[in-house]
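Asker: Okay, here's the structure, questions in a sec.
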Amino acid sequence: MHHCKRYRSPEPDPYLSYRWKRRRSYSREHEGRLRYPSRREPPPRRSRSRSHDRIPYQRRYREHRDSDTYRCEERSPSFGEDCYGSSRSRHRRRSRERGPYRTRKHAHHCHKRRTRSCSSASSRSQQSSKRSSRSVEDDKEGHLVCRIGDWLQERYEIVGNLGEGTFGKVVECLDHARGKSQVALKIIRNVGKYREAARLEINVLKKIKEKDKENKFLCVLMSDWFNFHGHMCIAFELLGKNTFEFLKENNFQPYPLPHVRHMAYQLCHALRFLHENQLTHTDLKPENILFVNSEFETLYNEHKSCEEKSVKNTSIRVADFGSATFDHEHHTTIVATRHYRPPEVILELGWAQPCDVWSIGCILFEYYRGFTLFQTHENREHLVMMEKILGPIPSHMIHRTRKQKYFYKGGLVWDENSSDGRYVKENCKPLKSYMLQDSLEHVQLFDLMRRMLEFDPAQRITLAEALLHPFFAGLTPEERSFHSSRNPSR
């Protein structure tokens, strides 16, 4: 009789007492999502044909949203971005982060290890030994080979695949220790750098859980973790699609303003909690913001003469804490995914919590219009776009930066007659000109975004202040309340 395979773990990894210091590369762009997927990496922008420059901005955004020249070799890939399975995400993450790292001598062969089959109950032990007769197996890249019907830890039964990325894979499981509740299990590759990044993320998630016992602050909930034969595994609550994936599947039709308002309020609420606990996320983007439930209804838009998907419930969770940094920790020079990276990071002036506020401003614009505000992957062009949209960079920031190669006599060095110069000139305009309507609530949204997109981080609005902004006066009492969810403990 055929038996499904049950895996048991060796002794838990004793890293809980590990005092950690974050180590990241000097130049990192981790763009990577549980149901959580990653970004494509198209050819470098300089290699495009001249005909490409004539592609409309929104279409070019869809095709080249994710390119960048920065690399990150020592981060935890996006929780929301690499899993919950967007093909866009997986393609980009593979091209970005698959490097010459190998932890075994024979990198091109599968690796098998025998499992243990000990159990406290004798009958359970006999069943376990039969189901563990097959070896634990890794593929050539260190991914755990597992199938629907397999078990891990005599607890998690795999019932579906949610996605695979550079860091590993995510599978949907039934947690038999908790009444067959559904969870998303993130299984990290058996590779040292990813294992270490997962340990750092687990420590951050544990700190968040300690501070938010009732799960009122909308951060993704870790319910369990364990080391399975070198694979760090993290169990999370099962959530819906990430907000970028939903946007993409809706043909990049922007979210309605009431949806933008509710998601913005939740984002400010969640990130204020992190900031008050001396933690900066550093990698906020639509991929790392997940719907609790992404069920939708299809509506006909008479104005656009097309059908649109409208999510039924705009409750969200913030995910991917693999790069989150406490105030007392070392702050690397480069943080944040390119499109959401603030000027102080590009100019290497140092960063803190206002870094997240800038990212939220960029995210809100993307929700509102359906495309990124700063569609670029090069520092100089990025700064030029900022000036075209937001006005001149403050002189004191120019004087302080070490990146003087971008400036001459206090101004950006830029050729407006080049193909890149023409592109920026044609497609970047003052922020308010992107408003779809002149009604009060649209004006209020753009006022909030402009305050979040202040060049000087010292002048940028704080999230405590943002929550009091008039834009949020239109929220319903239900939207202002945050219902606690079940918070399972280890």
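Including glycine, each Cβ sits where the backbone N, Cα and C put it.
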Asker: Record says Leu162, Gly163, Glu164, Gly165, Thr166, Phe167, Gly168, Lys169, Val170 bind ATP. Source is Swiss-Prot. Which of Lys180, Lys186 does it list for that same site?
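Answerer: That ATP site, as Swiss-Prot gives it, pairs Leu162, Gly163, Glu164, Gly165, Thr166, Phe167, Gly168, Lys169, Val170 with Lys186.
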Asker: Calculate the distance in Å between the alpha carbons (Cα) of Val170 (ATP binding site) and Asp283 (active site, proton acceptor), and round it to a whole number.
Answerer: 20
Asker: Out of Leu162, Val170, which of these binding-site residues shows the lowest number of other CB atoms within 10 Å of its CB?
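Answerer: Per-residue Cβ counts within 10 Å for the binding-site residues Leu162, Val170 bottom out at Leu162.
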Asker: Just name the most isolated of the recorded positions Ser135, Thr166, going by other Cβ atoms within 10 Å of its Cβ.
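Answerer: It is Ser135 that, of the recorded positions Ser135, Thr166, has the fewest other Cβ atoms within 10 Å.
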Asker: Spatially, which candidate from the recorded positions Ser135, Leu162, Thr166, Gly168 is nearest to Asp283 (active site, proton acceptor), comparing Cα atoms?
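Answerer: In terms of Cα distance, Asp283 (active site, proton acceptor) lies closest to Thr166.
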Asker: Quick one: of Glu164, Asp283, which of the recorded positions has the smallest count of other CB atoms within 10 A?
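Answerer: Taking Glu164, Asp283 as the recorded positions, the minimal 10 Å Cβ count falls on Glu164.
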